[in-house]
Each structure stands twice: as structure tokens, then as C-alpha cells.
Amino acid sequence: MDLETGSRQNHLRKQSWRAVLTLAYQSLGVVYGDLSTSPLYVFKSTFAEDIKHSETNEEIFGALSFIFWTLTLVPLLKYVFIVLKADDNGEGGTFALYSLLCRHARVSSLPNCQLADEELSNYKKEIPNLALSSFGSRLKSTLEKHGVLQKFLLVLALVGACMVIGDGVLTPALSVFSAVSGVELAMAKEHHKYVEVPVACIILIALFALQHYGTHRVGFLFAPIVVLWLLCISSIGLYNILHWNPQIYQALSPVHMYRFLKKTQTGGWKSLGGILLCITGSEAMFADLGHFSQLSIQIAFTSFVYPSLILAYMGQAAYLSQHHFIENDYKIGFYISVPENLRIPVLLIAILAAVVGSQAIITGTFSIIKQCSSLGCFPRVKIVHTSSKYHGQIYIPEINWILMLLCLAVTIGFRDTKRMGNASGLAVITVMLVTTCLMSLVIVLCWQQSVFLAIAFVVFFGTIEALYFSASLIKFLEGAWVPIALSLIFMLVMYVWHYGTLKKYEFDLQNKVSVDWLLSLGPTLGIVRVRGIGLVHTELVSGIPAIFSHFVTNLPAFHQVLIFLCVKSVPVPHVGPEERFLVGRIGPREYRVYRCIVRYGYRDVHKDDVEFEKDLVCSIAEFIRKQKDDSTLDARTDGEFGNNDEVMTVIGMPSTNVEGVHICSPSPDGLGLPEVEEIQASTANQVKKRVRFVVPESPKIDDGSRAELRDLMEAREAGVAYILGHSYVKAKQGSSMIKKLFINYGYEFLRRNSRPSTDSLMVPHASTLEVGMMYHV
């Protein structure tokens with residue numbers, strides 16, 4: 001499975017129809033695994049207890065009509081033809097919509113945003129030449145002025161993210177348990193549950209235990225399994241239609257929805273919570289957009305998935321319309337409509353399809369948590385890239401085992417599809433409601449369309465989803481409390497972490513040391529300079545962090561080359577390698593003090609290998625080569641927050657900047673390096689590391705830059721020391737009890753149990769110096 005993101009996918013989107021159709025085929029195994037397994041449990045959940053199957057067939061026809069129009073209006077009309085167009089540089093999902101709104105209304109949850117970030121190529125607005133309507137302008141200014149509205153927008157996005165995480169717990173349990181429930185036809189009702197639950201638990205444990213291997217080894221099987229499953233259920237559906245009730249197509253008329261509600265009344269309204277499950281997994285079409293393309297997803301759904309699902313549901317309804325008296329109500333599910341001699345093969349295919357669908361939602365959960373962490377809304381976790389070739393495949397160990405335990409608890413605790421379906425339905429419809437709300441803002445602010453169009457979108461789709469939401473919410477005590485409880489827990493974790501991180505950054509900002517303080521120390525800085533590079537990690541994008549002044553106050557010595565390093569996320573999905581580094585100089589040239597800001601998008605893979613140090617040094621060297629010997633420019637300070645953009649220079653990574661400075665090991669013949677000069681440290685014969693800078697001859701660099709490069713090379717050969725802040729955060733005196741509870745206990749607990757900010761950079765322990773400091777926020 002090609003789950004690559006970034007430039008390769010952008011390139012694929014521009015290729016031939018053959019490439020588009022290939023992507024459409026591959027999307028079947030990733031995007032539609034969950035949606036395609038919904039026929040396993042929709043009718044069973046619908047007729048669980050609220051309504052009964054009668055000889056008039058009004059309940060069956062009404063349920064089929066609701067399923068048909070729900071599939072047509074929500075996945076087909078809303079997602080395929082409207083929401084998919086609201087991509088963020090090819091990426092989709094709740095955070096893609098939130099990111100679009102952040103950029104168009106200058107609203108962001110990230111505190112260290114800079115004006116330079118708006119110059120990123122992926123930051124550009126899609127329609128720069130059109131003016132907002134009067135309402136759009138007022139809405140934009142209102143969002144920018146009122147912090148409460150910005151927090152509400154963030155909370156709305158986080159609610160959607162939390163419900164996706166809840167779905168990551170519920171969907172594997174529901175899908176696998178429903179697939180395994182086929183054994184109920186082979187044994188008595190009082191016995192089959194003793195088999196279903198253990199088998200489902202074994203499959204779930206195996207599924208989560210194999211996550212750390214990644215899907216790239218078996219991913220090529222996903223699409224064939226889903227294709228086989230869809231062909232299987234559509235063929236059985238077509239057989240049931242022709243054999244039992246060829247007139248079942250008449251039930252697709254919306255009139256049957258009215259008759260259904262008129263006859264069943266309150267019971268029919270409650271049963272909509274089961275019908276809702278027919279669109280489980282629809283959000284994946286938008287969330288997984290970055291792995292494929294808009295056209296490929298549209299082709300796969302309209303030409304294959306949608307017709308197959310409609311035939312499957314019509315076939316089940318046709319069978320049930322001719323079988324009014326079923327001895328055991330629990331047999332009204334999917335397998336009763338399968339011809340008896342095919343039930344065992346279909347059971348095996350269903351289990352495989354359920355595993356594929358569960359795999360997709362688990363991977364999606366990992367992805368959404370990574371995005372939350374990138375935007376400062378979730379504690380830092382260990383992210384393992386299971387494939388060096390496909391960067392879209394990640395694994396988060398802590399989250400994986402938490403999901404597994406919660407999934408097993410749901411399976412063992414509920415032991416039936418009715419309550420699992422109630423829980424899953426509420427999670428699914430909440431995510432869709434959040435998408436509808438955010439889309440209405442995107443229509444006005446990003447697409448710059450009429451406010452009436454946005455209102456029509458919200459009213460039409462919001463009414464449909466609100467109806468299903470109310471039907472799911474009424475089942476609160478019958479399972480729907482689970483996604484609410486999970487969401488509240490994850491929301492509390494996210495809010496406490498975001499609040500603590502924001503307060504910590506505000507403390508850093510208020511207590512940062514000005515560059516004037518650094519300059520006042522004189523040309524020699526009044527401090528001993530030792531050999532090597534000192535790499536000071538900080539969240540600040542301007543000024544000198546208090547942690548550094550705390551360090552030099554207690555230990556008046558630091559390295560001959562000092563680099564203030566800030567690794568930050570920006571509200572775009574991807575930052576190109578040619579725009580990764582933002583480099584500037586702090587103080588005069590002879591101080592050898594630099595600032596380097598490394599920018600990542602919320603879907604980018606952080607550099608997690610030893611090459612990062614090499615790339616960082618090369619970016620500083622390339623900055624030195626590009627700078628002119630202008631003392632006025634060099635002496636400029638970076639000023640207040642955001643004002644250092646004009647003195648920072650965008651530097652590409654060495655892998656993308658072939659004409660820039662590189663670090664090479666000396667070759668005996670010197671071949672392959674035309675039009676370059678070597679800059680080696682003057683003490684190279686005294687050090688073990690025999691490395692050099694290879695600098696292009698054109699344009700020529702001045703003597704000052706050459707000396708600066710030589711000093712940088714000497715420092716590089718002497719070694720790099722990583723100076724990290726180890727902060728303890730406490731609420732300052734006079735704070736409210738709630739703030740003390742959040743900061744002193746909540747945030748501190750999460751901070752102690754989360755990964756350090758430099759974990760993804762593989763900072764060597766032998767070269768690490770931690771500076772402890774108390775933050776009173």
C-alpha cells in the first residue's frame with residue numbers, strides 16, 4: 001500500500017488515468033474498510049428492541065429507505081462532492097479544516113507563530129484575489145478580536161478529534177464482534193456468546209499486538225480483501241433481490257420513511273441510532289485524503305463502494321420481507337440472509353474485512369493524536385515510523401496499548417452489538433456534526449462564498465445529522481455514555497496540556513533576556529568560551545530564554561559557537577525541505593551566536609536520525625555563506641515577538657540544496673566535487689573527526705565569512721553539547737484552586753509521564769546537559 005504523503009502524492013495526482021485508477025483501487029483497503037463492513041450490524045442494531053419486524057413490511061421498507069437516502073445524502077453528496085474539496089494542500093480531516101480557518105482568520109492555538117510562517121508556499125491562500133463579503137469580513141474580524149471565539153473553535157476541533165479517538169476504541173470492537181457473531185447460527189443462543197467474546201478478544205489482541213510491525217508488510221492484501229468482501233455482499237444481495245423480492249426497489253421511495261415514522265413513532269425515532277451505523281467510516285474519505293487524491297476517492301466510492309452497499313442492504317431487506325417469523329430475534333442480522341452453504345466462507349471473509357476496517361481506524365487514531373501533539377494539544381508521545389519508505393505509517397506504543405485495553409473492556413463489558421452500536425453511532429455522528437460546523441465557516445472565510453450558501457449547508461446536513469444525533473443521545477444509558485466518557489477524559493487531558501503549555505510559553509516570553517543584555521557583556525561576553533557547539537533548545541522564536549541566563553549565571557562559561565534551536569509546528573500540513581530551516585544571527589558576527597528555527601507541518605515526519613545534527617550545522621554554514629559583511633545588519637537585534645522575521649533567512653536542507661554547503665568525509669582522489677573549495681579547521685590534525693565543509697566557489701565568500709566557517713568547523717569537530725531546560729511548573733501564589741489543580745497536579749503529572757520535546761531528535765545522553773528551573777505561572 002502506497003501511503004506516501006507530500007510531493008510524491010502531489011505528483012501522482014497529476015499523472016494519467018492509470019495512476020488515478022491505481023490510487024482508487026488502493027483506497028479501497030484503507031478508506032472503505034470500516035464503511036464496507038457496516039452491513040454486518042445495521043439491520044441487527046435497528047431491530048434490536050425499539051421496533052419489531054411485522055408482516056406489513058413497513059418497518060423493513062422504511063429502514064431500507066432511510067439507509068438508502070442516508071448513504072446518498074451524507075457520504076455521497078456531502079463528503080464526496082462537497083467536503084472533499086475543502087482540503088488543506090491535499091490533506092483532509094478535522095484539523096485540516098481547523099488549519100484552513102486558522103490561516104484565513106489569523107487564528108491559531110500555537111503561541112510561537114511568526115510572520116515568516118505566512119511566507120511558506122503551503123501557507124498561501126487558495127483564492128487570494130477575491131474579497132470577502134461584508135459578512136465574511138465581519139466574521140473574520142470578530143474571530144480575530146475575541147479570544148473566547150478562538151477557544152471555542154479550538155474546542156470544537158478537539159471534540160471532533162476526541163470522538164475520532166473514541167471511534168478508534170469502539171469500531172474495532174463492533175466490527176470484529178459483528179463478524180464473529182456468525183457462529184450464532186451454528187449453536188444455541190445460550191452457548192454462542194461463550195464463543196463469540198473469547199474469539200473476538202483473541203482477534204483484537206492479535207490486531208493490536210501486530211501494530212508495531214506496521215501495515216506495509218501486509219498492506220498489499222487490504223484492497224483485495226475489501227474488494228472480495230464488497231463483491232461477496234453485493235452478489236449475495238443481488239441473489240436475494242432476484243430470489244425473494246424483485247420489487248424491493250420500490251422501498252427506496254422517501255414515502256416509506258414517512259410511513260415508517262408514522263407507524264413506529266417514538267420507537268422508530270430511537271431505531272435511527274441503528275440505521276445511523278450505515279455511514280460509519282464515511283469520515284475516513286476526508287481524513288485519509290492526504291494518502292490518495294480527491295478524484296481517486298470519488299471514483300472508488302461512486303463506481304464500486306456505493307452500488308455494492310446499496311445492493312447488500314436491498315438484498316437483506318428483500319430476504320427479511322419474505323421471512324416475518326424468525327424463531328430467534330438475534331438471528332435477524334446479516335448472516336441469516338446468506339445462503340446456508342456460503343455462511344462459513346462468508347464468515348471468514350467478514351472477519352478479514354473487519355480486521356482491515358479496524359486497522360484503518362487504529363491508524364487514523366494514531367494520525368489524529370500525532371496532529372494534536374504537533375499543535376500543542378496532546379502530551380508528547382513516542383512516534384515510531386514503521387516504514388522508512390512510506391512516511392504515513394506510524395505507530396504510537398502508549399496509545400496502542402491504551403486502545404487495546406479499552407477495546408477489550410468494551411467487548412467484554414457489552415457482549416452485544418446493540419450497545420456497541422449505540423456507542424459507535426454517537427461518536428460517528430458527533431464527528432460529522434463538527435465537520436458540518438467547521439465547513440460552514442470554511443465556505444464563508446476560505447471559499448469566500450455567500451453566507452446564505454453556508455446557512456443552507458448547515459441547515460440541510462445539520463438537520464439530518466441532528467436527527468440521528470438525538471436518536472443516539474437518547475440511548476445514553478444503553479451504551480452511548482461510553483464515547484462521551486472517553487471524550488471527556490481525552491478533552492480534559494488535551495485542555496490541561498494545552499493550558500499548561502501556553503502558560504509555560506507565556507512565562508518564557510515574559511522572562512526572556514533581551515539581546516541588549518548579551519551585547520552588554522562586551523565582545524568577549526565576559527565569560528569563558530570553551531571549544532565546541534552549544535545547542536540550546538528553546539520554545540522561543542525571539543530573544544534569549546531565561547534558562548540560558550540561569551545557566552550562565554551559575555556556570556559562567558559556554559561554547560565558542562552557540563545556537564538557539566527552536567523546533568516548532570506551523571498550521572500547515574507539510575513544510576517543504578527547502579523551507580525547513582529559518583536561520584539568523586544574534587548580535588555581531590564575532591560573537592558566533594545564531595538562532596535556528598526548524599519548522600514542521602502537523603502531518604510532517606520529524607527528523608529522527610543522526611543526520612539532523614549534520615543538517616543543522618550545514619544550514620548555519622549556508623547562512624554564513626549567503627550573508628554579506630554588513631556590520632549594521634549583523635548587529636541588529638531580533639526585538640520583540642515576531643519582529644525577527646526580517647533578519648532571518650530561509651535555508652533548505654542539504655538534501656534539497658545541492659548547490660549549498662555540505663559536510664563530506666575527505667576522499668583520496670577528490671573526484672566528484674567540481675567548482676568547490678574545502679574549508680577545514682586549523683586544528684584538524686589534532687582531532688579524531690576528519691570532516692570538512694565543501695563550499696561552492698560561486699559566489700565567492702569574503703574573508704570574514706571564511707573565518708566564521710572555519711570557526712564553525714572547529715566547533716563541529718570539537719563536538720556538540722545539547723543544553724536542555726528541565727522545567728518544573730507551579731501555579732504562582734494567589735492563583736485560584738482550579739488553576740493550582742490543573743498546573744500543580746494535572747499538567748505536572750502529564751509532563752512527567754510524557755516524552756521530552758527533543759525525543760524525536762535522538763539527543764545523545766552523553767552530550768546532554770539539563771538545566772533545572774522553576775516556572776511560577
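Glycine is treated like the rest: Cβ placed from N, Cα and C.
Just so you know, TrEMBL annotations never went through curation; they're auto-generated.
For 23-519, the entry in TrEMBL reads domain 'K+ potassium transporter integral membrane'.
Taken from TrEMBL, the feature domain 'K+ potassium transporter C-terminal' covers 532-776.
Residues 1-3, 12-13, 75, 171, 175, 178-179, 181, 219, 221-227, 229-230, 233, 277-282, 284-285, 288, 291-293, 295-297, 299-301, 304-305, 308-309, 312-313, 316, 333-334, 350, 353-354, 356-361 of the same chain, all 6+ positions outside the transmembrane segment (20-40), place their C-beta atoms under 8 angstroms from a C-beta of that stretch. Positions annotated as transmembrane segment by TrEMBL: 20-40 (among others).
Per TrEMBL, the feature transmembrane segment maps to 60-81 (among others).
For 148-166 (among others), the entry in TrEMBL reads transmembrane segment. When Cβ-Cβ distances below 8 Å are used as the criterion, the transmembrane segment (148-166) is approached by residues 94-95, 97-98, 101, 107, 109, 142, 283, 287, 364-365, 368-369, 371-372, 377, 427-428, 430-431, 434-435, 437-438, 441, 482-483, 486-487, 490-491, 494-495, 498 of the same chain, each at least six residues removed from its ends.
Annotation source TrEMBL lists transmembrane segment at 195-214 (among others). Taking Cβ pairs closer than 8 Å, the transmembrane segment (195-214) reaches residues 172-173, 176-177, 180-181, 183-184, 187, 351, 355, 358-359, 362, 384, 386-387, 393, 395, 397, 400-401, 403-404, 407-408, 411-412, 415 in its own chain, all 6 or more past its ends.
Counting residues 6+ beyond its ends, the transmembrane segment (220-242) has Cβ neighbours under 8 Å at 1, 25-30, 32-33, 36-37, 39, 248, 304-305, 307-309, 311-316, 318-319, 337-339, 342, 346, 349-350, 352-353, 356, 359 in the same chain. The transmembrane segment feature in TrEMBL is assigned to 220-242 (among others).
Taken from TrEMBL, the feature transmembrane segment applies to 299-321 (among others).
Here TrEMBL flags 342-369 (among others) as transmembrane segment.
Residues or ranges marked as transmembrane segment by TrEMBL: 394-414 (among others). Residues 168-170, 172-173, 176-177, 197, 200-201, 204-205, 208-209, 211-212, 214, 362-363, 365-367, 369-370, 381-386, 420, 423, 479, 482, 486 of the same chain lie 6+ residues outside the transmembrane segment (394-414) yet bring a C-beta within less than 8 angstroms of a C-beta in it.
Counting same-chain residues at least six beyond the ends of the transmembrane segment (426-445), those with a Cβ under 8 angstroms from any Cβ of the stretch are 74, 78, 82-83, 86, 94, 97-98, 100-101, 104-105, 132-133, 135-136, 139-140, 153, 156-157, 159-160, 163-164, 166-167, 170, 273, 276-277, 279-283, 286, 451, 453-455, 457-458, 461-462, 465-466, 468-469, 472-473, 475, 480, 483-484, 487. The annotation transmembrane segment is assigned in TrEMBL to 426-445 (among others).
Per TrEMBL, transmembrane segment is recorded for 451-469 (among others).
Here TrEMBL flags 481-500 (among others) as transmembrane segment. Sequence-distant contacts of the transmembrane segment (481-500) (same chain, at least 6 residues past either end, Cβ-Cβ under 8 Å): 109, 154-155, 158-159, 161-163, 165-167, 169-170, 372, 376-379, 406, 410, 423-424, 426-427, 430, 729, 742-743, 746-747, 750-751, 777.
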Can you check how the pLDDT averages out over the domain 'K+ potassium transporter C-terminal' (532-776)?
74
